[in-house]
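Novice: Dumping what TrEMBL says about this protein:
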| type | residues | note |
| --- | --- | --- |
| DOMAIN | B:94-311 | domain 'ABC transmembrane type-1' |
| TRANSMEM | B:12-30 | transmembrane segment |
| TRANSMEM | B:98-118 | transmembrane segment |
| TRANSMEM | B:130-160 | transmembrane segment |
| TRANSMEM | B:180-203 | transmembrane segment |
| TRANSMEM | B:243-270 | transmembrane segment |
| TRANSMEM | B:290-314 | transmembrane segment |
């Protein structure tokens, strides 16, 4: 028996021999969610992007500090107010060996513009894409778009020939009954290519030695193979890291962080995320849906919103619930976002007495009751934050019930405008303030992006005018407009800002991956092997 | 016999329809698949187009009838979450769940019967008392806790067994098996113990009670009077007579093992149908959820039918009863 086992072990070792050399540079990576698709223009969510951005390149890359750096385009400039010119990198090849050229840019952007794409927000201002010559592409926008390069940093380039040959010229079509080739196959230009794709089980990426970027300074990664496995259960994910079956966990649960820090061979890397947590009020209805105040809406009164703001002891939430891992804020956007102004990042002070006085002044000396809608598995400690706030508001006289739900029913509910006050966390993938203002604070008017996440129905013509100006202005004028909008945000209080989220990553101490504020690991900078 | 089968199958039809209706009605509360598919940025026009693409703007009963019509042809549509045909997804995951359920059932049956016989024969030994006490824990601890404890001990502390996944699998046609590789077998141990533990304790207690009962009966005394040895009495006469109810219970529990694999699969990230179901719930992936629930109902209905038929074959009194009723 023993002999048999030894023999089997020997066979296993011999079988694995060719991989031994590469073993040191394999990173086994786990996260709670699996990408739904391998199509680069279908689902605009972090779990998809975190894998695809290893495989596909955009025209413009992001550097470690999220600033823009050349990708498949080596240079870009605004030749006319509505015309951006991109110079393409030469000699780039897709993983299937075909060359990359201007027709691929035209094709990819057109594909992202299809109604079945979720990437509309990045390309919605584009009217036309023109191939000028073999290394130049012009993008003509409907109106001047100062932040087009920021947006194009999120649009991946596909091969026109490959996509058309595989009948994948449109992103995922729900009307079709067949699976599309791009659901499980890729053909990018990026640092890694897809070797195995088993949805919900395993996704294996191998290094593309021919990637153009390995010649570029700074791309010092040595990882030869990435094995991604989704592990949904928090406890199991952490057990796998502790037992050495996994090298890198993108989303370790907060309650385990102290244990992970103390564990030998494991490190926790923390950094800010570009995501702001806030509460938003229903300021549109004449009477709240979930309150005992009849005939009027207390949240339409600025004094009530201010009272609830000042009733929140944000430092207590920061210290206890968030265990110090949050950046308390008084504004809509974190500092990595273009347009951020330190002078506008000021909170109304916590003052329970003032809160009660304001409520009495507004005509609610006895307070009132309200239901706070809250997700319980979307943001870090989301439900606990709501519980804390409910307790603080109740102390000030506003009797608050928390309705915490998983994200699917929560989002379904608030998207029907079926809420009186809710907690939301907002990430800014374009890293520009317009994205937040447009989605969260513009009056909903059916236009792409305007007010689509404004479920409190906040509407102020002055804010709308500022947002329209943000869309077309550039330079110092635009900066001033954003600052004015941030000022108005502080005066109007459509939201109560709480904090920017901090995101911890956990990894074996043999692995080094730079922490990114967009919560995306970039393996082109990852080092694995001996410490 | 034929009439019996036909009547049983006809009884199963309304059960299946009821399950389909209830599960379909439930989906109104799991969230909006459209919101999840559209992501963070969309226009009202895009939203309306998707709603009409998915047929969600039609009245409830139209949607339900269309679902039943397609399901009867084995057509469950495309998963919203993964954009792949549901039948293909379930077919891909079924081997993982069935292998896990098979191992769990074998562990439960073999260990349960052995331990049941031992505790029945040696009622007062310290080992029997220990087994009974431990089995009480097995019955009362929820499976996710058992799973996590096993992971903590055998993966994190001892490092012997993997904490998640199926290990290396070998593809035999459309069936993927973990039985043919060492890592696949190692990966099966913890989840099947977790899944089988409850059934194991149940079978052990059942066998023990039956053994105690049978050992007191007259024919055991006669067997002893005939001078038969302990071995022949215990296993030839006593155990064989305890097995009829055990087989019934074990058969019915098999459906339960497949259905309740959801929890075990989630804890061990076991890529089976249960995990697929849980992930579909979080994404409001209605086609997958509906197909899974209908499939589980079908498993239960089939197992019940088989058990009924086995009774009919095994227990002569059922057949006589019918003959008498017909006046012959």
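Note that Cβ sites are derived from N, Cα and C of the backbone, with glycine treated the same way.
Let's see these features in context: how buried, what's close, how far.
Specialist: Through the fold, the transmembrane segment (B:98-118) approaches residues 127-128, 131, 135, 177-179, 188, 191-193, 195-197, 199-208, 210-211, 234, 239, 246, 250, 253-254, 257-258, 261, 264-265, 270, 272 of its own chain, all at least 6 residues removed from its boundaries and within a Cβ separation under 8 Å.
Remote same-chain partners of the transmembrane segment (B:243-270), defined as residues 6 or more beyond its termini with a Cβ less than 8 Å from a stretch Cβ, comprise 96-98, 100-101, 104-105, 108-109, 113, 142-144, 147-148, 151, 163-166, 190-191, 194-196, 199, 202-203, 206-207, 210, 277-278, 296, 299-300, 303-304, 306-307, 310-311, 314.
Using a Cβ-Cβ cut-off under 8 Å and counting only residues 6 or more beyond its ends in the same chain, the transmembrane segment (B:290-314) has close neighbours at 1, 4-5, 8-9, 12, 15-16, 19-20, 23-24, 27, 67, 71, 76, 86-87, 90, 244, 247-248, 251-252, 254-255, 258-259, 273, 276-277, 280.
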Novice: Would you kindly list the residues that approach the transmembrane segment (B:130-160) from elsewhere in its chain, counting only those six or more residues past its ends and only Cβ-Cβ distances under 8 Å?
Specialist: 115, 118-119, 190-191, 193-195, 197-198, 200-202, 204-205, 260, 263-264, 266-268
